[in-house]
Structure formats: structure tokens, C-alpha cells
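Structure first, then comments.
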């Protein structure tokens, strides 16, 4: 299984705040230099590399003399705007010592939710990688709001892995990987070396929250691995304190937790759909519709929907769930929530008489639907 790591040609590497700062007292240039040495070695070994870097808020906090992470959005955004400049300058300086160039990419969820902007971002990233430049990606914290933020850089890294069709997502953290129990409380806890990303048993052991400087705990890392798996990427959750960890991963050493996708890579449009995190409503399906989606790759017809929840417009993302509340799929609605309310439970040939017009016979077409 570790051959999936050694043979991976396109890596997305996410480095958390705790691994880039000196106990919250500003950026640790020495630590960053060590990371750069390893990433340069990967590039010289033929690996295409994209870096998702946390640390902007932590760097800004240090510059402002703050000792604890603020909760107010405006204060977080102020810290991020100050720290982002220092963070990117530090990466550029360190990579420059090895003759490598970096490029700053700041993303918001809107950039990936809009199909045209998604394709533009993908084209830019691919061009940078082809030029041998290392893209340094972060969330654009200065403009996002709670409603449109990714939530953490683990999730952002997974979406970037989808965007660039990466073979491997490496999430570097302050833990050695995922354990079968909390190692802070249980000395008998064992590292989980390999598992399927969709294994439900992992949910029980992924408890806990992020550290003082970051937002992402182990649950968000597991969620990120599952998101990356939708585009066929493997994910390694691994301790960033392990000496020369990237070098050793490339050499095939059995470190960290390797989470593998169940299925192969989704088609490009399906990858974009899978990356949608902002959903606007929910469709509750009957058992027949659930079976049709899961087993026959069918479109979702109005007759198979029992309930419409939320408020959404035509073309917005909705979640499809069974009557037990379990998510089955997500897709783009052909009708608004108000229109859907009028046609659910009815055959498609009744749509025109119910609405006065018929846009599509499906509530969600299979080309705009992705199973989860």
C-alpha cells in the first residue's frame, strides 16, 4: 500500500500552524527552512508540489502582541492580513535560497463553488506547477465570512487536491497520525497505519478539537481525507515533528496513517460537485429513489422525493438523504425549493400542469449528481 506514496507524482502538502510557529511567538524560520529543504528534494525527485500553509493568523497575532487567538471575525481577519504578508515572504525567501520560486494563491469558497472560477483556479495552479513554481495556498481570511469560509486548512487542502487531481494529500499535524484511542489519555493506544477513508470505525476515534493556534482537529482531518478520496487521492495524516518526515515518506517508510479511497477518480465535473461544501437545502428521498441512485446511476425524479427542506434556487446545491437522514448524494437542483414543493411525489409528466411550464423532467439530473 505504501507504494501509493512512493509512486505519487503530484503531492499537496498541508502544514499546520503549530509546525510553523515558535510556540505562538511568530514564524519559526528555522523550522520553515527544514520544510523547504525537504520540499525542494521532492521537486528534484520529480514530484509536482502544492503547499497549503497555515500560520497567517498566528504570525499576525505575534506581530500584534496577542497571546490568545481572538474569536471575533474582524480581529481574526486583521491578524490574517498582517500575518499573510510575513508568511508568504518567509516562504519565498526560504525557497529562493534553493533557486525555487513560489506563488501566493488565496482562495475563498466562492472561487470553487462557481464553475468558471473553479476552472480558472485549476488552470492557474496547473500552469504554476508546470513551470516548476511552488504554489503557496491559504484561505483568503481577510474577506470571508462564517457562512462562506472553508472552516480550516485541512478542508481547503482536500479541495485543492481535488482541484489539481493530486495523487497524494499529506496533512502534517502535531500528532503522529490517527490512533485507535486518544494517546493523551490511553498509553495503550495504537497507531492506525492504514485504513479506508470511508471506514465508519474511524469516526469513533477521531474526536477532539484543534490546538490553540489552529482550527482543525482530527475530525476535520478525517473529513478532509474523505473529501480528497472523492477524486481518487490517498491521504496521509502524519506527525510534523517526525525528523525529515517528507524525505522518509518518499523513501517508503511506514509512518503516519494512510487513508485510501474506495473508488477511483471521479470525472472532472463530478469532482467539482463533490467539492461543494455550501449546500442550500435538503431533499428527503423514498426507498425506491435511494436504490435508483445507488444502484442504477439514475437521475432523481420528483416522484421519489418525500420532503423538501431549506430555501434554494434553481442551479443551487442540495443534499439528498434517505428517510433515516443518511446522506446519499448531492447535486444541482433543476427547480427552486418553492417549485420542488409543488411537484414532489408526482410523475414528471405532471410538472407542466402543476407549475405552468416544464424545465426538466428530473429534479436533479444524474450528470449534476454525485454519490457520497
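Using the three backbone atoms N, Cα and C, a Cβ is placed for every residue, glycine included.
Annotation source Swiss-Prot lists ATP binding site at 14, 173, 174, citing sequence analysis. Its Cβ taken as reference, residue 174 (ATP binding site) is surrounded by 15 other Cβ atoms within 10 Å in the chains shown.
Per Swiss-Prot, substrate binding site is recorded for 54, 141, 153. Within 10 Å of the C-beta of residue 141 (substrate binding site) we count 22 further C-beta atoms, all protein chains included.
Residues or ranges marked as domain 'PUA' in Swiss-Prot (evidence: sequence analysis): 280-358. Regional average pLDDT for the domain 'PUA' (280-358) in the model is 93.
Neighbour density for residue 173 (ATP binding site): within 10 A of its CB lie 26 other CB atoms from the protein chains shown. Applying DSSP to the domain 'PUA' (280-358) sorts its residues as follows: 28 helix, 23 strand, 28 coil. Look at residue 14 (ATP binding site): DSSP puts it in a strand. On the backbone, the CA of residue 173 (ATP binding site) and the CA of residue 54 (substrate binding site) stand 11 Å apart. Geometry remark: residue 153 (substrate binding site) versus residue 14 (ATP binding site), CA distance 8 Å.
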